[in-house]
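Asker: If you scroll down you'll find the structure; I have some questions about it.
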């Protein structure tokens, strides 16, 4: 037994930091666009129809991961994985930078002004972020297994950081102000009367939307820098267990020391166990593989599209503070779950299923509150706001932990398993979006009410 020297610890910390910054670039641009909507919507012709347009555009952008997955399946090794990552990070950097200049420009289409530049650039951003699911994760196969959890922490930060910056900016802060209205004299009141009505008004931002988009572009540049260092920094190269994967194709090891290393994931797996299936290393039966991917699709559908699409309906009736607290603390719960998974990785499939059930149960409560909006349970009680905030925290915390542990499990099954992991993540999100879009945007199944004037008995 030898203690790690200071140089080796510093190298490890550097690689953890770079993996985190690399993961941060995965969804930072789209997450940033969503939290900036309260400042964008009042200045464009689409108004509050924009979120539904964005949902459709983001799902159309799944053509990116579909292409990568099909290439990996039918032409393995043809697609240069590193080159694809360079292209999508560069595209994301340029697109967010251009948004800073053109986000409120309009083009007349069929006699109606439309925010064509915003919608087109959003498509490119969505293509970048969706494709990152099937390229960033497999790239992490080149590093030791412990760095995958750090990558997931960075992915969680990609939602947290834009939310915190938007809070500092003051995006979406509503104040209720008095507006006087004179009542008609036909009411037989001698001198007429004046009633006071509360009117919702968005507060001016502390800095502009343009500055926010330039900040997102800078974050993408940081991601690009982290990726460059992960590829070329000598210290990181020494952290790579082997060089078995080139463009997603497994290479034969040159000596016995380069045989597949699985030290972290399953210490109870017999060394000479007969393969239970042709998936990955054969550690799981096909029934277990379908179980893992089924849970992965389900939790991503719930946490990425189904519940976020009704977050405002579930929280706004309890007040602006409840809404902003739930959004901010939920965003914090994601990297927190990844942090917990780093030190407490429980890989039991039964435990993962139980956590998914708990998270789903909490999600059902949130959905019921959204359906009951604008008058959900305990709407006039402080405890109602506390419960809904805690519900959002617990919901994201449990399902984020499940996603990380499944990623850790699939990492041990090889490069191909991580590609399919990313594909199933996008499939689950797509199914969730297709389900919720008509309910929210077409049939108006949910009602938000007026944040200042809704009265509930």
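Just so it is clear, glycine is given a Cβ too, placed from its N, Cα and C backbone atoms.
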Asker: Looking at 253-275, 322-344, which one does TrEMBL call transmembrane segment?
Answerer: 322-344
Asker: If you look at how TrEMBL annotates this chain, which of 83-103, 188-208 comes out as transmembrane segment?
Answerer: 83-103
Asker: Find the member of 211-230, 284-302, 349-372, 417-440 that has more C-beta pairs under 8 Å to the transmembrane segment (50-71) than any other listed stretch.
Answerer: 417-440
Asker: Between the stretches 151-174, 284-302, 417-440, which wins on the count of C-beta pairs under 8 angstroms to the transmembrane segment (384-410)?
Answerer: 284-302
Asker: With CB pairs under 8 Å as the measure, which of the listed stretches 12-30, 115-139, 349-372 comes out on top against the transmembrane segment (151-174)?
Answerer: 12-30
Asker: Could you check if the transmembrane segment (284-302) is in contact with the transmembrane segment (417-440), meaning 3+ Cβ pairs under 8 Å among residue pairs at least 6 apart in sequence?
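Answerer: Contact between the transmembrane segment (417-440) and the transmembrane segment (284-302): present, because at least 3 Cβ pairs are under 8 Å.
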Asker: With the transmembrane segment (12-30) as the reference, find which of 83-103, 115-139, 211-230, 349-372, 417-440 contributes the most Cβ pairs under 8 Å.
Answerer: 211-230
